[in-house]
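See structure below.
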Amino acid sequence: MAFLTHLLVCVFGMGSWVAINGLWVELPLLVTELPEAWYLPSYLTVVIQLANIGPLLVTLMHRFRPGCLSEVPVIFLILCVGTAACILLAFLWNVTSWIQGGQHSVAFIVLTFFLALVDCTSSVTFLPFMSQLPTYYLTTFFIGEGLSGLLPALVALVQGSGITTCVNVTETPGTTLNTMETPITQGNLSPSLPSPSWHQESRYLAPRFSPLLFFLLLSFLTGCCLVAFFLLQRQPWGRQGSIEDLLHSQVTLHSIRPRDTEDTSSLGAPVSSPGKGSVEASVASLRPAQLAFIYSVVAFVNALTNGVLPSVQTYSCLPYGPVAYHLSATLSSVASPLACFLPIFLPNRSLLFLGVLTVLGTGFGAYNMAMAAMSPCPVLQGHWGGEVLIVLSWVLFAACLSYVKVMLGVILRDRSRSALLWCGAAVQLGSLIGALLMFPLVNVLKLFSSADYCSLDCSV
């Protein structure tokens, strides 16, 4: 029974961000099919940030009408909306509309907004629901949340999305002949025709399965989350679960009591490890300057990971080829949840260490941004070393800053519930600032340049 409950909690947590994570890892294929092309990531970044209206409304309801809004019907509603949006996306992802003199993926962008609305709102509804369960299920929930990024990334790796080959194209007036690898000899052409011109173009290879099947898989995963939540609702929680919680974790009970000096001995001492008291004391004694540093780092890190760098990933990776872009998008999505597991085994609460790790991750992000600014001819373009460096840079960027985000959340969680509330506000503020900063740079000022990989000539 306990194993089944852990499984349900894991599947429930997996549904929190599986749809949006799935969209990001599918981008290497989508940018080749949709009219927005290289601009698509910046559009998605802004759309996802606009979807924060959902958690904002839920938070305002809890603030001004406490007790009026129950998480259970909200969770049922958003999971039903998410499943329906994924199903519609499977059939409408490539439907375009003519707007302001050009084709645009209106259906895709609108459905992405609803998926983002679901996933953003899950941040302020899933965790309050988990507070009804015994504390030891919370770790299982976060493992499931990590799988929401890992599973779509693995599926995208199998799919092989966005892979291309270069073909030779010969052109004469009124005639265009294509060959895949060997050029057409001039002896096959009529002597009366002018000399042909040659160049290379990209031809995208068909993935192992289509976006239709990929989005149907996302629909299945979201539907599994809905079923898991329904079954969790039918579990006999209540008083028995509360008693279990108290028996399994007296430290949790101690941590929510007032942190008076006389409180730090009796209840927590028998059950906590020798270092636990010092950890709680250090968390409780955080100075305002330290808290300001933590919130600033939270906002800065999320601005980079959720707003700034995703907007230019195509420009930093595609000049090295579609394989580099495909691996960067998928492996960074794998690295992020794996890095989220590290604090379970290798926790480090030192603000100095987390600051150094933030600088290191920012360095990798700066390299990615520099390559995007130099597009379509970045450093080592056309050399295998450049491909390896850009993939490693994106993976390490995601891993370093994901670890920082988790550890700062752990520090604030141990301080108070209101600290976590302000942490969430810093996350959304940083993400919003990053998205609003990059959208005009990419789509209005057009500071980043795109080009066909096969026709690039960066020798000059």
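A Cβ is built for glycine as well, from the same backbone N, Cα and C atoms used for every other residue.
Keep in mind the model is a prediction, meaning the values are calculated, not measured.
Residues Asn168, Asn188 are shown; Swiss-Prot lists N-linked glycosylation site for one of them, Asn168. Membrane topology of Ala2 relative to Ser316, as recorded in Swiss-Prot: opposite sides.
When Ser255, Ser266, Ser272, Ser278 are compared with the annotations in Swiss-Prot, the one labelled phosphoserine turns out to be Ser266. If you count C-beta pairs under 8 angstroms between the transmembrane segment (212-232) and each of 72-92, 138-158, 292-312, the highest count goes to 72-92. In this chain, the transmembrane segment (106-126) lies in contact with the transmembrane segment (38-58); the count of Cβ pairs under 8 Å, excluding pairs fewer than 6 apart in sequence, is at least 3. Taking Cβ pairs closer than 8 Å, the topological domain 'Extracellular' (372-387) reaches residues 312-313, 315-316, 318-321, 323-324, 447-451, 456, 458 in its own chain, all 6 or more past its ends. When DSSP labels each residue, the topological domain 'Extracellular' (313-326) comes out as 13 helix, 0 strand, 1 coil, counted as helix, strand and coil in that order. Panel annotation: around the transmembrane segment (351-371), residues 290, 293-294, 297, 300-301, 304, 308-309, 312-313, 315-317, 319, 378-379, 389-390, 393-394, 396-397, 399-401, 403-404, 407-408 of the same chain, lying at least six beyond its termini, place a Cβ under 8 Å from a Cβ of the stretch. Assigned with DSSP, the residues of the topological domain 'Cytoplasmic' (127-137) fall into helix, strand and coil as follows: 5 helix, 0 strand, 6 coil. Contact count against the transmembrane segment (327-347) (Cβ pairs under 8 Å) is highest for 138-158, out of 7-27, 106-126, 138-158, 292-312, 419-439.
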